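These features come from Swiss-Prot:
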- C110: active site, cysteine persulfide intermediate (ACT_SITE)
- F247, A248, R249, G250, E251, K252: Mo-bis(molybdopterin guanine dinucleotide) binding site (BINDING)
Amino acid sequence: MRHTDRFVKKVVIERIGDQRVLAEEEDVVIKEERISLYLNGTKLMSMMSLPSDQDAHAVGFLMSEGVIEKIEDLKSVQISSDGSSVYVEALINHENITNLFKEKTLTSGCCVGVTGNLEGNVLRKFIATPMQISLERIWEGMEEFEMSSHLFHETGCVHKASLLLEDGSKITAEDIGRHNAIDKVMGKARLGRIDTEKAVLVVSGRLSMEMVVKAVMHNIPMIVSRAAATFLGIKTAQELGVTLVGFARGEKMNIYTHSGRVDLRACKRKRGVTLHAPNQSSSLLR
């Protein structure tokens with residue numbers, strides 16, 4: 001049995017082509033589950049996600065929302081025996097937990113991602129980390145990222161997030177929602193007490209505002225995706241000091257904001273790099 005088998009189910013489908021049924025056959029689909037999150041003995045919410053890394057998902061989500069402000073405030077996290085519930089005990093920011101339910105923003109994640117603290121948590125933050133990464137390392141990271149997405153290649157139905165760490169290692173998570181995947185990979189880093197201030201977040205989905213906000217809440221200075229960036233994603237990244245890189249495919253990429261963190265000097269393949277908004281604000285954001 002493969003480790004991914006517990007996340008999938010086989011169903012019978014009718015495959016259509018040339019305006020007719022070509023065959024009736026088995027297909028493999030993702031099996032999501034409802035995961036209940038309990039905080040300090042009270043049920044906070046239920047989330048639809050893959051039944052994996054539930055503890056990391058809970059911690060990453062609560063820290064992304066500012067409910068848990070630092071990992072030292074986490075007392076314990078436990079997963080129920082059937083994997084359907086996560087129990088977190090922690091010192092919490094009561095104002096942020098109130099805001100989480102007072103005004104929700106339905107994000108661009110097709111109802112999988114809902115957040116209540118998109119803007120308030122990051123008003124006092126700015127990522128000023130003076131790190132640099134070579135184009136070669138970004139391209140290598142993207143190649144590894146694409147090659148290792150086993151569940152996506154099998155089902156076409158998951159998002160993935162990876163953290164490329166300063167020492168060359170990486171942390172990876174997958175889920176049906178791109179917000180969930182980011183929360184999981186961030187939670188893994190926090191539970192492992194891993195420094196992410198010079199890490200690069202690689203994601204499979206578009207670079208929207210809420211993706212940038214999640215990165216800022218975990219002090220991530222750079223986000224890279226093979227997908228596009230949205231206007232608010234670019235604007236938020238520019239204002240908060242995040243380097244945003246989109247359309248990173250093959251030997252090409254678009255750098256939208258704070259390009260100084262990408263080292264172009266030693267690269268022999270930089271012909272495919274487009275700088276949309278170098279270190280200063282550009283007309284794109286006005």
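Note that Cβ sites are derived from N, Cα and C of the backbone, with glycine treated the same way.
Following the DSSP three-state reduction, the secondary structure of A248 (Mo-bis(molybdopterin guanine dinucleotide) binding site) is strand. Counting every protein chain shown, 19 other Cβ atoms lie within 10 Å of the Cβ of F247 (Mo-bis(molybdopterin guanine dinucleotide) binding site).
Non-local contacts of A248 (Mo-bis(molybdopterin guanine dinucleotide) binding site) by the CB criterion (under 8 A, 6+ apart in sequence, same chain) comprise I138, W139, M142, V224, S225, R226.
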